[in-house]
Amino acid sequence: MNKQFSNLAVDAPRSNFLESVDRYFTHALTFLNLPDGLAERITACNSTYTVRFGVRLRGRMYSFVGWRSVHSEHREPVKGGIRFSPDADAEEVEALAALMTLKCSLTDLPFGGSKGALKINPSDWTQPELERITRRFTQELAKRGLIGPGVNVPAPDMGTGEREMAWMMDEFRRANPADAIHSRACVTGKPLSKGGIAGRTEATGRGVQYAIHSYLQDPRTPGVRGRRDLGAMDVVVQGFGNVGYHAAKFLSEEDGAKIVVVAERDGYVTNPDGLPVEALKQHQLATGSILGFEHATSFEGDMRGIERPCDILIPAAMENAIHEGNAERIEAGLVVEAANGPLSFEADQMLARRGIVVLPDLYVNAGGVVVSYFEWVRNLTHIPFGLMERRRRERRNHTIADALEQMTGKPFPEDMREGFLEGGREIDLVRSGLEDVMRSTWARIGDLLEARPELKDYRTAAYVASISEIAAAYEAIGI
Ligand SMILES: NC(=O)c1ccc[n+]([C@@H]2O[C@H](COP(=O)([O-])OP(=O)(O)OC[C@H]3O[C@@H](n4cnc5c(N)ncnc54)[C@H](O)[C@@H]3O)[C@@H](O)[C@H]2O)c1
């Protein structure tokens, strides 16, 4: 059995994550003039289910506990990831579900918010064992109507990925043979061969990159200590899993940013000239840790990697990474919340007092749910996204080829015409769709802050924009 690791930073107080989200909510509500009772209706979590089940493994019965919380059903289905973590609890799941409601509303996706967790350390179990546990968990969720294409649609989160989503989808399908045509839409983040969509795995990291681009390219923002050239910036990343790895990869390989520190739960690695991100990932996959990487200095057991001076700090691991105990020691110009809830309410205020700009989680990490939405739509419509775009490009490119023929008076070579027709692949559409949502959502936050400077920061502006939409939806249906 593998060594047991907790997700919590060593010196972090035990999560006051739900309290922080409540306080952000309450703060934002002071800028909104909502009718009596509506604010409480929006803030409160609608329901949280605890599921307990046993699975016979290794010759004995093991008991597991998990949660699925539904924060708001003002739009259905509700949507949100499922995490596998030894530190999970009901409060954490409720806070994450509330953030999902806000995130979907902010990005104008037709979903309410939900979230789930199973209290488990995945590395304690073999793959076949994990599969049995995940399938049993899915049965428990299905029995209570907590999974289904039109009611509640999970996705990957910390400790889960496309493998777990494939198991969940398969289990749901078996239980619902009469609705097999729609059942692939019961979860998103599936492998491509099981109805997944190209670009979902890296979507959240890609969204983090687009969020940073949107911020730096907006002349209304202060940039990072007045600078806007990502190619000249030092970046520190905490958490080298799905989100942290992809964000680091795109920022370094495509934008030329230097990833100077990567921090993990067993310590951190640093290289002032920039870490080769892909090589570091291969090292982590091969050895189970980022430590000991040959192109870096390793600091084993040291959780202060995020305190190293940098231009941009990207916490991409877990909630409460920056708290009252370490906020004064953060030396970044911009903090980009790739994880959910990485700053406690107090830490957020402490950074604001020191002039450190924060891009909030409900905007920064929305890329995952945006691309999940594309996947869900495609599973329900059964139309491959590339198809129509390919037809459009074919028509356009035939027209260009015909025009060239006319201009030159020579036939356009058939093999070149074929090459010309390549493209329109799903990944291009997913990426441009995601970029469009991230940019338009940024414009929405920036416009609101410009119109209402009393909101002061991007988080409050994002909360106010989001809550206004939810309030309008509740008022339309009557609470
Ligand atoms: N996966 C998604 O699509 C998605 C979407 C939106 C938000 N998020 C959020 O992003 C965060 C990371 O999710 P993920 O999917 O990348 O998870 P993951 O499990 O793939 O990676 C998390 C990484 O963080 C590391 N970690 C855990 N505790 C740590 C600690 N105390 N210090 C440093 N590193 C630590 C883990 O070892 C792991 O490598 C979570 O807050 C999650 O809710 C994920």
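Each Cβ is built from the backbone N, Cα and C atoms, and glycine gets one as well.
Annotation comment: TrEMBL describes LYS115 as active site, proton donor. Residues or ranges marked as substrate binding site by TrEMBL: LYS79, LYS103, SER372. Look at TrEMBL and you will find THR204, ASN242 tagged as NAD(+) binding site. Sequence annotations record features per position, and here TrEMBL assigns site 'Important for catalysis' to ASP157.
In this structure, the recorded positions that sit close to ligand 1, with a C-beta under 6 angstroms from any of its atoms, are ASP157, ASN242, chosen from ASP157, ASN242, SER372. Measuring Cα to Cα from LYS79 (substrate binding site), the recorded positions that fall within 10 Å are LYS115, out of LYS115, ASP157, THR204, ASN242. Taken residue by residue with DSSP, THR204 (NAD(+) binding site) is part of a helix. The local packing around ASN242 (NAD(+) binding site), expressed as other Cβ atoms within 10 Å of its Cβ over all shown chains, amounts to 23. The binding-site residues THR204, SER372 differ in how many other CB atoms lie within 10 Å of their CB, and the one with the most is THR204. Looking only at the recorded positions LYS103, ASP157, THR204, ASN242, SER372, the one with its C-alpha closest to LYS115 (active site, proton donor) is ASP157. DSSP assigns ASP157 (site 'Important for catalysis') to coil, not to a helix or a strand. Put simply, THR204 (NAD(+) binding site) is 10 Å from SER372 (substrate binding site) when counted between their Cα atoms. If you take the Cα of THR204 (NAD(+) binding site) and the Cα of LYS103 (substrate binding site), they are about 13 angstrom apart, rounded to a whole number. Ranking the recorded positions LYS79, LYS103, LYS115 by C-beta neighbours within 10 Å puts LYS115 at the top. The record gives LYS79, LYS103, SER372 for substrate. Within 8 Å of the mean position of their Cβ atoms, the other Cβ atoms in that chain belong to GLY80, GLY81, MET100, CYS104, LEU109, PHE111, GLY113, ALA155, ALA366, GLY368, VAL369, VAL370, TYR373. Between ASN242 (NAD(+) binding site) and ASP157 (site 'Important for catalysis'), the C-alpha separation comes to 9 Å.
A Cα-Cα distance of 15 Å separates LYS103 (substrate binding site) from ASP157 (site 'Important for catalysis'). For ASP157 (site 'Important for catalysis'), the same-chain residues that are 6 or more apart in sequence and have a Cβ closer than 8 Å to its Cβ are GLY81, ILE82, ARG83, LEU96, LYS115, ALA117.
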